[in-house]
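Student: Below is the structure I would like to discuss, written out as structure tokens.
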Amino acid sequence: FRAVYHNDYHGADVLQTVHCLLIKSNLLNIFTHTEITALLFAAAVHDFEHPGLNNNYLVKTKSDLALIYNDFSVLENHHSSAVFKLLRDKRFNIWSNMSIDEYRIFRSLVISLVLATDMANHASLIERMSTYFFFKETNTTTTSTDSKTLLQTLLHAADISNAAKPWPIYIQSTEKVVEEFFIQGDLEKIYYDDNKPTFDREKTDVVQLQIGFIAHIVCPTVSDYLNNLNDSVYPSRLKDSGA
């Protein structure tokens, strides 16, 4: 099975976008090697084995994954767990040369980054970024917690960045994600007890759905927060690194 939107193409797209954000924002030289490695790897695998159904559907239908992860960030927990299970196979473990301590830090970062892609965490992530920028005005020290928040914001921004890309790319991506939504909606009509699908291909106004997503999610993240990264992050972290 291959999801219409959340598949390997999406993973490659997010990976490329994260790389672009790192370079264009001058952050490539700010994070540690392990942080950058974890960010790029998380970008590539953040939707690994995605079933094309969202967390709400999995929880509402009492799916096996929802029961395994106790309804908490079901997909995101599965993505990271499945990837690290795969890495136990020596044939696929591209990180086998890492030391035990390096791998522990790397694994912890990847898990936290993938979990941060859950849209349920959007508001809390934006709030943490706002707090970071507020205190940056008087405090030039950057902690490991700050670093993790910045990494999570970069990945989250890349994950929802389709609307910030050239029109042909945006349209193609939107058509795929909407079709994936509608496939879920078809299943919701069958399996939801209340027979009230979240995504009804016969009633959903795609234009209004996109306008709302862009206005309330994409714009605040891409415009307000990414645009602040250069001034708030680069000078202080460069100073902290001794450059």
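Glycine residues also receive a Cβ, built from the backbone N, Cα and C atoms like all the rest.
Just so you know, TrEMBL annotations never went through curation; they're auto-generated.
Heads up, here are the entries from TrEMBL:
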| type | residues | note |
| --- | --- | --- |
| ACT_SITE | His6 | active site, proton donor |
| BINDING | His6, Asn7, Asp8, Tyr9, His10, Asp47, Asp159, Gln210 | AMP binding site |
| BINDING | His10, His46, Asp47, Asp159 | Zn(2+) 1 binding site |
| BINDING | Asp47 | Zn(2+) 2 binding site |
| DOMAIN | 1-243 | domain 'PDEase' |
Student: Taking only the Cα atoms, work out how far Tyr9 (AMP binding site) lies from His46 (Zn(2+) 1 binding site), in Å, as a whole number.
Tutor: 12
Student: Given the recorded positions His6, His10, His46, which one is most crowded in terms of C-beta atoms within 10 angstroms?
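Tutor: Checking each of His6, His10, His46, the winner is His46.
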Student: What mean pLDDT does the predicted model reach across the domain 'PDEase' (1-243)?
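Tutor: Mean per-residue confidence for the domain 'PDEase' (1-243): 88 out of 100.
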Student: Need one number for the AMP-binding residues His6, Asn7, Asp8, Tyr9, His10, Asp47, Asp159, Gln210: the maximum pairwise CA distance in Å, whole number please.
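Tutor: About 23 Å separates the two most distant Cα atoms.
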Student: Per DSSP, Asp159 (AMP binding site) is which: helix, strand or coil?
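Tutor: Helix, per DSSP.
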Student: Identify, among the binding-site residues Asp8, Asp47, Asp159, the residue whose Cβ has the fewest other Cβ atoms within 10 Å in this structure.
Tutor: Asp8
Student: At the level of the C-alpha atoms, what whole-angstrom distance separates Asp8 (AMP binding site) and His46 (Zn(2+) 1 binding site)?
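Tutor: Checking the Cα atoms of Asp8 (AMP binding site) and His46 (Zn(2+) 1 binding site) gives a distance of 10 Å.
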Student: What Cα-Cα separation, expressed in whole Å, is found between His46 (Zn(2+) 1 binding site) and Asn7 (AMP binding site)?
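Tutor: About 10 Å separates the two Cα atoms.
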Student: With the Zn(2+) 1 site defined by His10, His46, Asp47, Asp159, which remaining residues of that chain have Cβ atoms positioned within 8 Å of the Cβ centroid?
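Tutor: After dropping the recorded site residues, what remains is His6, Gly11, Val14, Ala43, His50, Thr117.
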